[in-house]
Amino acid sequence: MIKQRTLKQATKVTGIGLHSGKKVTLTLRPAPANTGIVYARTDLEPAVYFPASAESIRDTQLCTCMINDDGVRISTVEHLNAAMASLGLDNLIVEVDAPEIPIMDGSASPFIYLLLDAGIEEQDAPKKFIRIRETVRVEEGDKWAEMKPYSKGLKLDFTIDFSHPMISKDVRNFKMELSAENFIHKISRARTFTFMKDVEYLQSIGLALGGSLDNAIVLDEYRILNEEGLRYKDELVKHKMLDSIGDLFMCGYNILGDFSAYKSGHGLNNKLLRAILANENAWEFVTFEDKEQAPEGYRIGEQVFI
């Protein structure tokens, strides 16, 4: 049986909030089987809890942001979400003492190390997957995102299209099948990116105060401003794929399907997830009693994190 997964022990890290520029402490705690992924604002009294759901995402302008009916928010959840999805985690309490997850280095890599350092253990309950049964597609202008049936895992195909001398056509597309190994080795270190003109505007209105060359790739009109350059030649499209993995995991379950996107972002990713879940014929819950019949990425994942 493919079993649910949680952490062996609690772990914490302190970093900077991308928008506030202030110190943020993130604590990850194990949770019982069938709890799901639950975010919590522990700086509030009483603490405010946000179970992972597509509907909790109510702001996607600059990141993926959970907001409840009282206006309480937790921003920038997508990179941590992507790390949890890649490791097949099912049950976790994510505590944060600020309105945002720390940005760390702008990638998912620090979260991967944090989770692996805590250790991952199986629980005595079957892991539920969402398996796609019908194709669902959403569009906004020339941008689109689509999910088709595919039972062997989560297949990903992402294309970006920026007019910039540093973004040539051969680094605008990336394809990958999600597994812990593929995620860790191929895209986990891909950092968020932005343009200098956007940074200047955001900081002028009190946003992105924690943004710097230490946690983002910054481009001007002609070049990349980071002295160390890129971590991968196609780092930008890989980060957009990383974002989409995190955005799709807001349902709280690993998805079995074939995802493809052109110029998609947080908003369109969330729109796709909502459209899938709203169509009861488009998906179903499945479990796997026989490990040999399970998606390969979840059969061999233990080798990565034990």
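Keep in mind that glycine also has a Cβ here, set from the backbone N, Cα and C atoms.
DSSP assigns His266 (active site, proton donor) to a helical segment in the three-state reduction. For His266 (active site, proton donor), other Cβ atoms within 10 Å of its Cβ number 22. Feature annotation from Swiss-Prot assigns active site, proton donor to His266; the stated evidence is sequence analysis.
Secondary structure at His79 (Zn(2+) binding site), as computed by DSSP, is helix. Annotation source Swiss-Prot lists Zn(2+) binding site at His79, His239, Asp243, citing sequence analysis.
Within 8 Å of the centroid defined by the CB atoms of His79, His239, Asp243, the record's Zn(2+) site, lie the Cβ atoms of Glu78, Ala82, Gly106, Ser107, Ala108, Ala190, Arg191, Thr192, Lys240, Met241, Leu242, Gly246, excluding the listed residues themselves. Taking the C-alpha positions, the distance from His239 (Zn(2+) binding site) to His266 (active site, proton donor) comes to 12 Å. A gap of 12 Å separates the Cα atoms of His266 (active site, proton donor) and His79 (Zn(2+) binding site). The binding-site residues examined here are His79, His239; by Cβ neighbour count within 10 Å, the least packed of them is His239.
Non-local contacts of Asp243 (Zn(2+) binding site) by the CB criterion (under 8 A, 6+ apart in sequence, same chain) comprise Thr64, Glu78, His79, Ala82, Thr192, Gly265, His266, Asn269.
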